[in-house]
Amino acid sequence: MARTASTILFLLCLVLITGYTMARQEHCNLPLEKGKCGGRFERFYYNSHKGKCESFFYGGCSGNDNNFENEEECDKACGAFMTMADANSFCNLPAVVGRCKGYFPRYFYNTEAGKCQRFIYGGCGGNRNNFETVXDCRATCHPREKRALADMTMADANSFCQLPAVVGRCRGRFPRYYYNTEAGKCQRFIYGGCXGNRNNFETVEDCRATCHPREKRALADMTMADANSFCQLPAVVGKCRGYFPRYYYNTEAGKCQQFIYGGCGGNRNNFETVEDCRATCHSHA
């Protein structure tokens, strides 16, 4: 009888502890909420992305339970409970703008792209796949990013290097690079900040490093006849509305001239420098 009572007591304690831990994790995962009032009261909240407590200014009313009067209270309530399994789960979540209408550049781990990318956060709500810096995003979801890159075969690279430039559903303006199969090289375009596809690179070097074999092969396979054909194409602004000075070979003028490129689409008679234009279409000049 005594043993049964002890077992029941132990199980009851276990249930209470588990419930407390889950409740703790719930409010420790909540985003920073300043509240609706206009006061300035220093408080602390648990930053689940960085795994530590940080200070913020509380307005004085409303907000949520991730709000502590001092750092010690925050540490005691939340501590460091995030496991790699937790990180893996929220790194899979989509970028969520949230219900507020602010404009805060943030980073999220994009499972489709296999890397951390920028998006615009509204300022409240959302989920844990939301980081203030790309470094924080990589530090948390880096094992996934590293593994995704390691698992990517040349066939994978070849497949997504053929995808078109996709602005995405958000309305930011972030200069990015994509491999343009028509032009046979990496070119700039304007990314909206969220969604899109893996043919999206922060630098032209990243684009070339990933899709370089295609770019190199395209250039190697390009005969003088190919050059002659696209050097005769007209300058095409493209469907995007960016402002990128480029050069094209003007058959009427018999030389390379500048034009304004919109950022995506267009054709292969499009060069970043006048030297590139002359080197490719030199026989016309």
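The backbone N, Cα and C atoms fix where each Cβ goes, and this holds for glycine too.
Small disclaimer: the values here were computed from a predicted structure and weren't measured.
Bond annotation: of CYS231, CYS240, CYS256, only CYS231 is listed by Swiss-Prot as forming a disulfide with CYS281.
Note: Swiss-Prot links CYS240 through a disulfide bond to CYS264 (candidates: CYS211, CYS264). The recorded disulfide partner of CYS74, taken from Swiss-Prot and restricted to CYS53, CYS91, CYS100, is CYS53. Between the disulfide-bonded residues CYS211, CYS240, CYS211 has the most other Cβ atoms inside 10 Å of its own Cβ, all protein chains included. Under 8 Å, Cβ to Cβ, and six or more positions away along its own chain, CYS37 (disulfide bond) finds GLY59, GLY60, CYS61, SER62.
Counting Cβ pairs under 8 Å to the domain 'BPTI/Kunitz inhibitor 1' (28-78), the top-ranked stretch among 91-141, 161-211, 231-281 is 91-141. The two recorded residues, CYS186 (disulfide bond) and CYS91 (disulfide bond), have Cα atoms 28 Å apart. Cβ neighbour count for CYS78 (disulfide bond): 24 (other Cβ atoms within 10 Å of its Cβ, all protein chains included).
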